[in-house]
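Listed in TrEMBL:
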type	residues	note
TRANSMEM	6-30	transmembrane segment
TRANSMEM	42-67	transmembrane segment
TRANSMEM	87-105	transmembrane segment
TRANSMEM	112-136	transmembrane segment
TRANSMEM	148-169	transmembrane segment
TRANSMEM	190-207	transmembrane segment
TRANSMEM	239-261	transmembrane segment
TRANSMEM	273-298	transmembrane segment
């Protein structure tokens, strides 16, 4: 597999956009539950984490160019090429996050409008990113499955990372002047986030038979001019890996769900910080990374 730089870039940008969207959705709720200073510090830290994730991804993408100084040439065809559009939208996404951070830092006021723009730009960035692969000559990517995989990873990682950020801040945030009450993220909110993870996973799983049918039909009706010359054979060659990765993804979401059920039975209203829940989140993150690995592997 020789696409590690693109794998890291797309995975990291999915994570950044997802965390931006989920944190933005919960920003209104948190602004009402947290002291003004704690909310300010929480959002600043969250935006900083998003920018770091996006920065790592962008750095990985530059290494794919071979000659990093040629990077500016990628925007020359913004009106005709999805790659150029993706570069521009990615820059706009990171720029909107940076402006949001600076405004919050200087004025102490969080701009929901500006952050909402960053959320929309992040989702648009994922669309441009997926379209690069959807409209290529590689037949294994010429299907709506490409969009499902990219947006599915975005939503799942966004939900998981947001919960982990809240957990870490609740555990050690006092060192940075941030205090989160036990009900800052209620059990019902956690169920909502878990539902996002579950729906994202189930939706992608349910589409896989249709994707396999598409590959079979494509093999019979199209002649590939790029590798793999036989998409369905390339897809079947990693059947064992695909099954293991999907199983890991299911286990990760299931562990999180079981943890929430146990917390509900114990009538705990706060964030159920336990080994099972954290393990489920970490397993989900790893599974999503491997799903992206599978996405790139099948075209070799």
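Note that Cβ sites are derived from N, Cα and C of the backbone, with glycine treated the same way.
Sequence-distant contacts of the transmembrane segment (42-67) (same chain, at least 6 residues past either end, Cβ-Cβ under 8 Å): 4-6, 8-13, 15-16, 19-20, 23, 27, 30, 34, 74, 90, 93-94, 97-98, 100-101, 104-105, 110, 161, 165, 169, 173, 176, 178, 180. Taking every recorded stretch in 87-105, 112-136, 190-207, 239-261, 273-298 and counting its Cβ pairs under 8 Å to the transmembrane segment (148-169), the highest total belongs to 190-207. Same-chain residues lying 6+ beyond the ends of the transmembrane segment (112-136) with a Cβ under 8 Å from its Cβ atoms: 10, 13-14, 16-17, 20-21, 24, 27-28, 82-83, 85-86, 89-90, 92-93, 96-97, 99-100, 103, 142-144, 146-147, 149-151, 154. Here the transmembrane segment (6-30) has long-range neighbours at 39, 42-43, 46, 49-51, 53-54, 56-58, 60-61, 64, 90, 93, 97, 110, 112, 115-116, 118-119, 122-123, 125-126, 129, 150, 153-159, 161-162, 165, 184-185, 189, 193, 196, 288-289, 292-293, 296, meaning same-chain residues at least 6 beyond its ends whose C-beta is under 8 angstroms from one of its own.
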